[in-house]
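Participant: Pulled the feature table from TrEMBL, pasting it below:
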type	residues	note
TRANSMEM	C:12-31	transmembrane segment
TRANSMEM	C:37-58	transmembrane segment
TRANSMEM	C:70-88	transmembrane segment
TRANSMEM	C:108-127	transmembrane segment
TRANSMEM	C:134-157	transmembrane segment
TRANSMEM	C:180-201	transmembrane segment
TRANSMEM	C:222-248	transmembrane segment
TRANSMEM	C:268-293	transmembrane segment
TRANSMEM	C:305-328	transmembrane segment
Amino acid sequence: MADPILDIRGLSRSFGALKATDDVSLDLRAGEIHALIGPNGAGKSTLIKQISGEIAPDAGEVRLRGRSLAGVDAAGRARLGMARSFQVSSVAPEFTVLQNVVLSAQGASGASFRFFRPVMRDAGLLGTAHDCIAQAGLSGREAVPAAELAHGERRKLEIAMALALRPALFLLDEPMAGMGTEGATALGDLLDGLRHRAPILLVEHDMDAVFRLSDRVSVLVYGRVVATGTPDEIRADPEVQRVYLGEEA
Amino acid sequence: MSTILLIEQLLNGLQSGLMLFLMAAGLTLVFGVMGLINLAHGSLYMVGAFACAGVAAATGSFWLGLAASIAAAAAAGAIVEVAVIRRLYARDHLDQVLATFALILIFSEGTRWLYGSFPLYLNVPPSLSGSVTLPGGIQYSLFRLAIIGAGLAVAVGLFLLIGKTRIGVQVRAGEADREMIAALGVDIRRLYTLVFALGAALAGMAGALVGTIQSVQVGMGEPVLILAFVVIVIGGIGSIKGALVGALLVGLTDTMGRVLLPSIFGLFMETSAATSVGAALASMAIYILMALVLIVKPGGLFGARA
Amino acid sequence: MPEGRGGRMTRAQIVNAALALGLIGFGLGAWAMDETFLVTLATKVAILAIAGAGLNLVLGFGGLVSFGHAAYFGLGGYASGILAHHALNYTAMFEWPFVFEGTTSMPVIWLTAMAVGALAALVIGALSLRTTGVYFIMITLAFGQMIFYFAISWPAYGGEDGLPIYVRNGFPGLNTLDPVQFFGLVCVVLFAMLGLISMLARSRFGLALQAARQNRQRLMAVGIRPGGVLLVAFVISGAITALAGALYADLNRFVSPSMLSWHLSGELLVFLILGGTGRLFAPLAGAGLYIALEHLLGGVSDHWQFFFGLLLLGVVLFARGGVIGFLAGGKRHG
Amino acid sequence: EPVKVGMITTLSGGGASLGIDTRDGFMLAVEKAGNPDLEVHIEDDQRKPEVAVQLSDEMIQSEDVDVLTGIVWSNLAMAVVPGAVRQGKFYLSTNAAPSQLAGKGCHENYFSVSYQNDNLHEAAGQYATDEGFGRMFIMAPNYPAGQDSLSGFKRFYEGEVANEVYTQLGQTDYAAEIAQIRDSGADALFFFLPGGMGISFMKQWAEAGIDMPVVGPAFSFSQDILPAIGEAAVGVKNTAQWSKDIDNEANAAFVAAFEEKYDRLPSLYAAQGYDTARLLLSAMEKADVSDADAFREALRAAEFDSVRGDFAFGPNQHPVQDIYVREVISEEGQLTNKIVATAMEDRGDAYAEECSM
Amino acid sequence: MSALLEVEDLNAAYGASQALFGVSLAVKEGQALALMGRNGMGKTTTIACITRMMAARSGRISFAGHDLGRLPSHKAARLGLGLVPEGRRAFAGLTVRENLIAAARRGAWSFEKVCDLFPRLAERAGQRAETLSGGEQQMLVIGRALMTNPKLLILDEATEGLAPVVRAEIWAAIRALKSQGQSILVVDKSLRELSSVADDCVVLERGRDVWHGPPAALSGDLAQRYLGV
Ligand SMILES: Nc1ncnc2c1ncn2[C@@H]1O[C@H](COP(=O)(O)OP(=O)(O)OP(=O)(O)O)[C@@H](O)[C@H]1O
Ligand SMILES: Nc1ncnc2c1ncn2[C@@H]1O[C@H](COP(=O)(O)OP(=O)(O)OP(=O)(O)O)[C@@H](O)[C@H]1O
Ligand SMILES: CC(C)C[C@H](N)C(=O)O
Ligand SMILES: [Mg+2]
Ligand SMILES: [Mg+2]
C-alpha cells in the first residue's frame, strides 16, 4: 500500500492538568475519507489544530507525504496543501462570498505581495472562485457580504474556501453542523467526489454522514484513540456504543 | 544615597503608583470590562478636582469638598453615559475615540468658561497636614500616607466587587456579549451606567486628592489619562489586580528613574550633561517599561486576552 | 477596497470627486482673490490629508489603530528640518564617508524623509505587531512618546524650542515660496498618494491586508501570514506619513517636538474617523472639516473649543460612518 | 499712516493666563493712548508652534500687518520671529526672548521689550552670591529654557552647587525632588518651574516643611499665579525687572488703571505688554511705519516712560535694565510682591557680543 | 387553554432586505412548537424578533398576556423567555459557573440541578467558557437558559455539534422538561427528534409561514418540499 499522505505520530497536548490529546497516532491515505468521532471535549478539534499548526503539540509529530512539519506554522502548512474548515465558522465577515473565496485562491497561489493589478479582475482567481462557490452550493450569493449570510450558508462558504485552496488534503471540523438535512446530503455528495482529489480527515457528529461516507473511522475518547476500523466495525463496537453512539447504533 | 532617602523615595513611588491606580481602576473597569475607550476619563478627574476646590472654598471644609468631588464626578459620569456613551457600545472603538475626544473639548472649555484660566488651589486639611516620623526616622507627609491607604482600600474593594459579586459577573458577561446578556433578562444598560459612574467617581476622587497636593487647572487630566492607559495596558486590560501592579510599577519606575538615572550617568559623565541625559531617559522610562512588557507579554502582565 | 454594489460606488465616487475638486477649487479661488492665507490653509489641509492617508492604509484597511503616527510625521519633519538646517548654516551633517552639508532640494529631502519613516516603521512595526487590539494602540503610543521625549531633551536640534527653516526648501522648476505653487505641488503629492493607496487596496496585497483586519486566523488558514502583510503596510504607511511631515515642515518653515506629540497622533485618528474610517478620501474629508471648523469657530468665540466639541459629538452620534459615510451611504469598511 | 499690529498670544489651554495678561496690559496702553492710527488684531496661538506660524502667515499675508507681538513662549517665538522679520515686519517681544535671537540670530527688526530669557536667572545667581549662600540646590525642567536657566544662574553664582536636577517638562509631582533637596543639606534652593509646575511644587514644598530659603525667577511668583500657590509662597525671593511697587509715575498710573479696568492686580506679563505698546506708540509719534529705517530708529531710541523707570536698548536691541529681588508678601489679604533689593544694575545680556548688527 | 406566546403577522427586515413576511405562530402553555425550514428561511430572525433582540417592522407579539411590542429585550426576557441562541454565544471570558449564575433567576432550576442534567459542566465549573469544547459550550448555554427559570424555553439549534449520546440526552432532557409542563419553542434540523417532542409545527419558507400542523402530518412529499428530507 502507498505511503499515507498524512501521518500523525504520538501527538500529545495538555491544557494544565487536562490531557486534551494523549499520544494520538493515525494516518490519512490517498483517496479516503477518514472520520474522527468521539464525545464532546474528546480532543478532536485540538487534534485538528495541532495538525493544521495553530497550536503546538507537547510531543509527537505530523508528517505530510513523509516530510515532518515540525517548525512549519499554520500558513506554511496551508501552502503545503492543508485546507481546513473551522468548527465555528471563520470567514472575513465584511468581504463578499466571492472575495472570501478569491482570498483563498490567492493564498493557494502563494503570491500575496503583488501591489498593482486589481485582484478582483484576476481572471485566474475569479475562475477558481466561481467554480468552488458553485460546488459548495452557494451560486447566486456571490455578492452577499459574509456577515449577512444565514448560519448554514456560512458553513457552505467555509467549504468553498477550503476547495479554493486546491489542497492535498482536507481537515474538516464538523462541516455539516448547522447545514440542514438537505445541505448535509449535498455536502456529503460533494465530499464523496472530493476524496479522490484529496483525502479528507472528517470530524463530524452527524452519524448518518459518517457511516455513509467514510472509509475508516477513528474514535477519540478523553484524548486517546480507542478504536479504528471500518464503519461497520465501529458501529458494532460496544465500547463506542456506550461512550459515544448511544442508542443510535 | 542614604537608606532613609531610598526608603522615602520608595514610599513616594508607592504613593504616586496608588494615585495612578485610582485613575487606572476606573479606566480599566470602563475599558476592560465594558469595552469602551474613554478618553474623557481625564475630564472626570478634572471635574472632581474642580468640584472639590469649589466646595472646599465655599464651605471651608476639605472633607465636604472630597465628598462633592466624588458626587460630582459620578453624576457627570452618569450623565455622559446616558447622553452619549450609551449610543456607542455597539460601535467600534474608533467612534468611541472620536466621541470621547469631543467630550474632552467640551469639558475642558466648559470648565474654563466657568472657572477661568487661572488655576485654583486647595489646602491639605489640618488633620492630615504636615509630616509624621515613621519608624527609622523617616519624615513622611501624612496626606501622602493617607493616599496610600485610600488607594489600597479601593483596590481591595474593587477586587471583591468585580471578581466576587454577581454584579461583577454580569458586567463582564456584558462585555463578552452585550446583546446576549440582555436577552437573558439583565438590565445591562442600567448596570453600565452604574459602573461608568463608579469609574467616574474614582477618577473624581483621584482628581480631588491630587488637586490638593498639586494644583487644580483645566487640562490637568490629560497627562494622567495617558499614564493611566499605560498602567492598565502594562497590567492587562480589565484586570483590577493588573491595574494595581501596573500602577505600582509605573509609580516606582518613574520615581526611581528620576532619582537614580542622573546619578548613574553622573558616574561617567560631566554633571550638567549627566543630569540632562538622565532626566531625558527618566521621562522615557515608563514608556520603555511598557514597550518591554508588551514585547515579552503581548497581553500585559495579567491580561486575560491578547 | 471592497467593490460596492450597484449605485453605491458611484455615489461614493461623486463625493470623492467633489472633495478633490473642492480642495483644488478652494485653493485656486483663494489665490484668485488674493487671500494668500486661505491658500496656506488649504495647503495645510492637503498635507494633513497625506499624513492621514498614510495612517488610513494601516487603520482603515489593515485595522491597525496606530496611536503613534506622529512619530513618522515628526521624523519626516525633522529629516527635512535637519537637512535644511545644515544646508542653510553651511555646517557638515556628517563628515564620513564624505562631507555632507545637508540639502534644500525637496526631492532629496522627500526621499530621505520617506526612508527614515519607513525604517522607523519597520522597527516599531516589527516589535508592535506582536500585540493586537488595544495593546497595539498603546505600544505604538509608547514608541511615539519615546521619540517625543528624545526630541525634547536632545539639544543639538533645538530640543523643545524646535528648529526653524528660514527659507522654504526648493523644488526644481518651481518657486515654492509662492503659496499657490507650493499648494499645487502638495496637491499633486496628495492625489498621487491617494491613487497609490487605492491601487494597493485593490491589489492582492490589499485583499490580504483587509482580510487581516477582519480575521487573522482565517488568513493563516489560507496560507497567508498576516504579520508580513501588516508589516509591509505599516512600513509603506510610515513612509507616506513621513513625507507629509517633510511637507509640513516646509509649510511652517519650522519643526518642533509638537509634531511628534501624541496630540498629533490623536488628531490624525480624529481626521480619519471624522471622514469615515476605511474610505479612501476620509483623510481629506476629515482634515478639511476639522481645519475649517477650527478656523471658522476660532473667530467666533474664545470658547470655540466648546462648540467644536459639540459639533464633533454631533457628527459621531448622528452621522454614522463619518462625513463620507453620511454623504455616500453604503457599508463602512472598518 | 495707520499702524497695524498683529498680536499672537496664548489665550486658551494651559498657560492662557500669561497671554491674557499680556493682551490686557497691551490693550490698556492702546486704549489710554486713544490713537486712532493704531489697529490691533489679536489671535490665540493655543501654545502650539504650528498654529502660531499659521497665524503669523495670515497676519502677514492677508492682513498685511506692520508689527507682530505678543508671543509668550520661546519655542513659538523661534517658529515665528525669524520668518516674520525676514519678510520685513517688525517683531516686538512682550515676553519670550530666547538666546538664539539675542546672539547670532539677532535681527534689526527684532526688539525684545521684556528681557533676555537668561536675565532673571542671572539675577537670582547674583542675589544668591550676594546673600552668601554657599551651597545651592538648583532645579529646572529639562528643556532648552530650563537648561538656559540653570546656566544663567551659574553664570553669576559663585558658591558651590550642591545638586543640579532636571525635572520632566509638565511634571506635577515633586515628592522625589523634595526628598532629594531635604537630603542635600543645601543652604538654599533655586528653582525655575514656570506655570502649573511651579504651583504644584510650591504647595508640596510647603507641606514638606523644609526650612530652607527659596529663590527663583519671577515666573513662578508672578501675580497671575500667586493666589493659586497660596500662603506657601510668602517669604520667597524672586527676581524681576518689574514690580508693582517700583516708584515712578508711569508705574503708579499703570497699576491703578489696570486694577480699575480689570479688577485684579497686574502681573509681570501685563507690565511687559503695557511697555511694549507704549514703546510702539512712542515710535509712531516720531516716524511713519512705511519708512522702515526711520521707524526702526524711533524704536531703538525707546523714548517712552517705562513702568520700570529707566529703559534702554543694548546693541542687540534687548533691554539694558535693573533687575530687582522681590519678596512675596501678604498685603490686605492678597498675595503680592515687594522689592527688597536690587540684584543687578543696567544689566544687558550675555549674547550681545555674538550679535553682528 | 390560551396561548402563552402569540405572534401575528410579523414583518422584519435587515436594512433594505426583508426577511420575514407576515409570520404568525402560537405556543400554548405546556406545549412544544417546532419551527422548521431550510437554511436562511427566517427561523432565527423570527426568534430574534420574539426576544426583542431585533425590532420588527410590524406585527404583534404577545407573551403571557403582555404585549412585547416595545419592550427592551431584558424586560421581555424577565417575563419568562429563556433563550438558547444559535451559535452558542457563551460568555467567553467567564467561567462555567459564572456563565450559569450571571443571569440566573429564582426558581426550580439551580446550579446543582443543571449540573445533574449535564455532569460535564460540574467537572469544568472553574474553566473559562472559551476553552470548552463545542459540545460543552452547547450544554453550558442550555444550562444558562434554564437557570433563568423561563416560562418559555427557546432553543435555536441546540443540538448542533453534539455527540449522538449527548444529543440523545438533550432530547431526553427536553422531553423531560416538557413533561414537567415546560413550554418550548424549538428550532432544529432533525425531523425525527423534533417529532418526538413537538405538539405542533410551523414551516417557514423565504420568510413566510407556509405550513402549520402536527409533526405526524409532515412527512413524505411535504417534508421533501419544505425541508428537503
Ligand atoms: N485553550 C484551552 N485551555 C484549556 N482547556 C482547553 C483549551 N482548549 C480545549 N480545551 C479542553 O480540551 C478538551 C478538548 O477540546 P476539543 O475542542 O478538542 O474537543 P472536541 O473533541 O473538538 O469536542 P466537540 O466535539 O465538542 O467540539 C475540552 O475538554 C476542552 O475544554
Ligand atoms: N445580520 C444580517 N444582515 C442581513 N441579512 C441577514 C442577517 N442575518 C440573516 N440575514 C438574512 O435573513 C434571512 C433569514 O436568516 P435566518 O438567520 O433567520 O435564517 P434561518 O432560518 O435561521 O437559517 P439557518 O437554518 O441557516 O440558521 C437569510 O436570507 C439571511 O441571509
Ligand atoms: C513665561 C516664561 C517662563 C516663558 C519662557 N521664557 C519660555 O520661553 O518658555
Ligand atoms: Mg470540536
Ligand atoms: Mg438560524
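Cβ from N, Cα, C; glycine included.
These figures come from a predicted structure and were not determined experimentally.
Situate these features within the shown structure.
Facilitator: Only residues 6 or more beyond the boundaries of the transmembrane segment (C:12-31), in the same chain, are considered here, and those with a CB under 8 A from a CB of the stretch are 4, 37-39, 41-43, 45-46, 179-180, 183-184, 187, 190-191, 279-281, 284-285, 288, 324, 327-328, 330.
When Cβ-Cβ distances below 8 Å are used as the criterion, the transmembrane segment (C:37-58) is approached by residues 23, 26-27, 30-31, 64, 66, 69, 72-73, 179-180, 182-183, 186-187, 189-190, 193-194, 197, 200, 230, 233-234, 236-245, 247-248, 251, 267-269, 271-272, 275, 277-278, 280, 282-284, 286-288, 291-292, 295 of the same chain, each at least six residues removed from its ends.
Cβ atoms under 8 Å from those of the transmembrane segment (C:134-157) belong to residues 64-71, 74-75, 78, 81-82, 85, 120, 124, 127-128, 163, 257, 260-262, 265 of the same chain, restricted to positions at least 6 beyond its ends.
Within its own chain, the transmembrane segment (C:305-328) has Cβ neighbours under 8 Å at 8, 11-12, 14-16, 270, 272-277, 279, 281-282, 285-286, 289, 293-294, 297, counting only residues six or more beyond its boundaries.
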Participant: Taking C:70-88, C:108-127, C:180-201, C:268-293 as candidates, which has the most Cβ pairs under 8 Å with the transmembrane segment (C:222-248)?
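Facilitator: It is C:108-127, which has the most Cβ pairs under 8 Å.
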